[in-house]
Amino acid sequence: MINVNSTSIIAISIKSDPSRCRRRLAIIKLQGSLILKLLLVFYCIVGVYCEPRRGIKELQAALAGDRVPPPFYGNCDFEGPCTTWNFTDEFKIIANDNLSSRGHFLFIQGPAVGQIWSIIIPPTGAQCFLKFATHQSLMRDGVIRLIIVTNNDTISVASERAGNNDAKWNMTELKLGAISQPYRMGVEIVVPSNGSIAIDDIRLDDCFPESRPYHVHNTCTPDMFHCKNGSCLNKTRICDLTPDCAQGEDEILECDKMPETARCNFEKGWCGWSNAPNRALKWILHQGSTTTLGTGPSYDHTYRNQTGTYALVILKPNHDLGESATLNSPIFNPTPPYSSNPKSSYYRSCQVRFFVHQYGEFSGSLGLYLIQMKPNQNHSHRLWWTYGDRSDVWYNEVVTLPDIRYRYYLQFESSKSYAANANVAIDDFSLSPECFGIGVPAEVVGDFNYYSPIIESEQPTEQHFDFMNKTVVKITTCGAVGRYGPSQMQCAHEYNKTGLEVEVISIPTSSSSSSNTTIDGQLVNSRMQGIQKWTAPSGGYYTLIAMGASGGKGSGGMGSTLGALVRGIIELEKGQTLYFSIGQSGIDACAKSLGRSNNPCSGSNFFNNESSIYSSTSYIRDVKNMERINGGGGGGGATFIYTVKATGELEPLIVAAGGGGLGFGKFVDDGIQHGHGANVEKHRTHKVIAKNNTGGGGGGWNGSSTHDSKLSIVGKSLLNGGVGGRGCHQKKNQTHGDGGFGGGGGGCRTGGGGGGFIGGSSGIETSGNGEGGYSYSSIELLYSYFRGGYHQGPGEVYIIPAISGCGCDFRCVTIDRHLSETKCLCPPGWQLANDSHSCIPDEWDTSHETFKIVMIVLSFFMIFSMSGLFILLYNRYQNRKALLKRRQVMFGNGTELAVLELVTDNMMTEFNPNYEFAGNLYSIKDLPQIPRDSISCVKPLGQGAFGEVFQGVYKYRHNEEAPIAVKTLPAVRTPHATADFMMEALIMSKFDHPNIVKFIGISFDKNPRYIVLELLAGGDLKNFLREERPRPDRPTNLSMRDLIVGAHDVASGCKYMEDARFIHRDIAARNCLLTCKGPGRVVKIADFGMARDIYRSDYYRKGGKAMLPIKWMPPESFLDGIFTTKTDVWAFGVLLWEIMSFGYMPYTGCANREVMTMVTTGGRLEKPAGCPDPIYGIMAKCWHPRPEHRPSFATIVERLGYCLQDPDVINHPMPKYNILPDCDREITIMRPDPETECINVNSEVY
């Protein structure tokens, strides 16, 4: 049972000289520090003998001392009283014990359960460790647990560790990590019977490294964050979802300016993160501890209890090795340039912060990857990677982002390791504020705007050659800002020395006989201010490009609102006049001050009753009562291009809408704030009733987006002058939140609407942003084009005359302001040809021509469809006919394996019924057929049992290639050879084991016939062993473990064949191939030319005078012709002897007949030099004269596995050979000179 007290008592003394306070006070510390503050304030006010000038400093020192522990806080060596630790009665303090000369220490004797508890300690940092010395005896069955109890009575086991029997002093470390609230910790020790443990030197290590008192000099550096209580924090801990300051201001100040997706604690869902498709594993959201013990977090990091949520990947042993789960972040804009500038004080300031938890046996890997969305393809870069079990602890990771010039997203990828039974979790992800220009001085930020990035791939291309040095007319705002348009003086200065003739005028509208008139119920000014006009110097075609102004930012100072772009081509006559009203940007709202005394908007009622913050003793209540009234930015003005008819009526040509003002509070990029393209109902004025403290709607062409257009906050329509709406500020000299000229609505609590042909509304409920206006293009324009959310800054107009060139027959116009894209025009009565340059007469009836074209296209389509269908059916018929013909050639007239019936030798043919050999039930057609055209033989590898073996290339789908080995059967062969060749293909096709050569397919449609196998580049085992044989001048690169692993691979393949009731009959080192010669090699069994199925009969009797591998055969095989699985066991013993002798020929110097005589009389091969005794014992058992006493391959695999676990075997020294015989090539059947004598053999094995 865990007994935890709910409160603790801490005594605080304030001592001073007689001029200071002379009282001692015992304070009961309850759940929070706020009560402590109030009591101390009250005490200082009512106390006696207090010096006013010293009282506050003493109070700050007391508070700082309470929050910032001394350097040795939590240390205890039991040489004196331990004020920070308590322990249960099971412990005793021992002095001068024979365990050591350490002095006093804590001791407990089993069986018992003891607990050591700390007092309440303040929040700790990410690298906090509890360290203590232990002396454990017979504690292997004991347990040491670390228990955390937070102030909300949440109890959790943070770590658990088994004891040991070392019987010496060792240092034990238990990680506490970052805990953001006061808590108590306990160490519970379960001591088994006869066990004991001593504990000494308890200390908290690196638990409070970044929280220092402000009044202590030279401890806080300028680049650190200063908490209100005087402590300092590293800036990497700002806005990281973990409050570190006493009042949590490190998670409040400017953190709401960050995009919503930049911080995620997974408490409200995925925050825009998503699982990558086509992954075997998935990330999930999980609460509390995982279902299996010792494989995952016991709690989340945010709340450190069972209710918090974190992202989790569960890795289980039944998942395949290497399976992964990938979690993709939302897309972010490029990083700021100062973060990649080594000369900047904010170098490497853009960082990724998160907490990771990896716990469990053979825990898998976790990597953080950066994916840059480059123009041609995404570019991936690994930023961080970790692997292995890190215990039940949340670790804080900070990764610096490199220089990123493209949009990007992040990936967390967790992969399963071998036999993993663990979980990987992440929590509290965040990007640092510096990634968005937050908390960085304006001179460092420069032109960087996270929400309007300058991306290289999106920059304009080079100017078209034919448009170089051509005249381009650019109409601007002449530097005017705010609600009212430019004056003549401003524009004269703007266009001075440009050669442009642009005037600022006041033009009359229709019915100008009076100063004011009414059109469609709207009041129209008889004179419109700030209008510019331009007269065409010559007749022809002109490209008009208009861009609306962007809206103002909200009080948060973050976000993006862009004006729209509208383009069209118009034909003008010489002297024809165009009129322009260039939209001006909405004014930003006053930046949020959070009650600071240096509020730039002080005196403007930025907050209602803001001054009360400084006079009230309960600032929390005042903050709740704050009322924001002018936090929204002004709407951007629209850019209008129009003409004036002879009647004085204004006719719009182009209206490029302005962006809406951004709202108060956190920026929400819902897209509604940008200037829009043409509205579906663009001829109907869109009106919204304004609510209290909402921004003004944007002005349109002849109306505004609110009913009461007389309100000063509402942007005026063009016919009413186009003046921007006035913001909610109270002083006349303030302009914060004003709408831009061109109908931008004024900002208030929400952003103002953007101007347009139809003005945007304000007070959008979801975001508080003002709605962007809607654009317009006259039907008189050619090739009209709209693009919403395009332009940043004040509006602009470009007028670009058409030219002769670009390869066009008539005129060439540009369709972008950078003069890079062009288009050809044709005169009336002509149309552009298919080459996009030539003009052809437009004489035919368009509808009739369209009908004819449609009919011709449909006719051609039907013809091509029928032809294609006919060709497809014909090809299928021919292919089927050819296939039947090939099968008839291969297998006879419907008789399967006809060649097998020709073999009348004295061999038994009782095959495995799974292959359905009997009664023509088995079909070799079931084997994978590979077209001969897909196989290319590159070079010969050697001679097989039937013919040559080649290295080749197999070309399969989509021209992909794979290396292969090709066994061939010559065109001239005996029926017996053909049957054996086909038999080998049939047998190998049914094998699927990592230690047996993989069968790919056959190619029997042409001669020579092919069997296609996987290519093993390491060569055969026999030659490999000879190459690695130790020499006097060169030791071998192999270890005894490598030799045994190779033998284990072969035994595993033999066990698979034994279970399938197959006998190989030629197990030898020459018939085993290697995947490679380096580390990681795998040995595989090959050459199944002599393999047989013994499903129904447990033996196979071979007659005739076949050539057999005598030196690898047991007596019953070469005497009686009996072959069973025990035959392969005998051969494996000889192969094991080959491995241990590094490829020597068994029975060297003996002819086959002499070997037969020797083996029959009980002679056996001697133990090879340097061979461990357990390995030779396996050989001896394989050579037992009675087959039934030989071990099965299952037993052999088990014995070899034991040898691999025996240190004496795997560390056995390798042999040394001083005499190296010349061995060129040994064959299975040897006919040596009869005079040659045999080597000595051991005839007393049994």
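Including glycine, each Cβ sits where the backbone N, Cα and C put it.
On a predicted model such as this, the values are computed, not experimentally measured, just so you know.
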* Asked: Going by TrEMBL, which one of Cys220, Cys232, Cys239, Cys245 is joined to Cys227 by a disulfide bond?
  -> Cys245
* Could you identify, going by TrEMBL, the member of Cys220, Cys255 that forms a disulphide bond with Cys232? => Cys220
* For the disulfide-bonded residues Cys220, Cys227, Cys232, Cys245, the one whose C-beta sees the most other C-beta atoms within 10 angstroms -> Cys245
* Structure fact -> If you measure between the CA atoms of Cys245 (disulfide bond) and Cys232 (disulfide bond) and round to the nearest Å, you get 8
* Asked: Lys967 (ATP binding site) has how many other Cβ neighbours within 10 Å of its own Cβ?
  -> 26
* Asked: Taking just the CA atoms, what is the gap between Lys967 (ATP binding site) and Cys227 (disulfide bond) in Å?
  -> 78
* Any idea what the Cα distance is from Cys227 (disulfide bond) over to Cys220 (disulfide bond), rounded to a whole Å? -> 11
* To do: Sort Cys220 (disulfide bond) into helix, strand or coil using the DSSP assignment.
  => coil
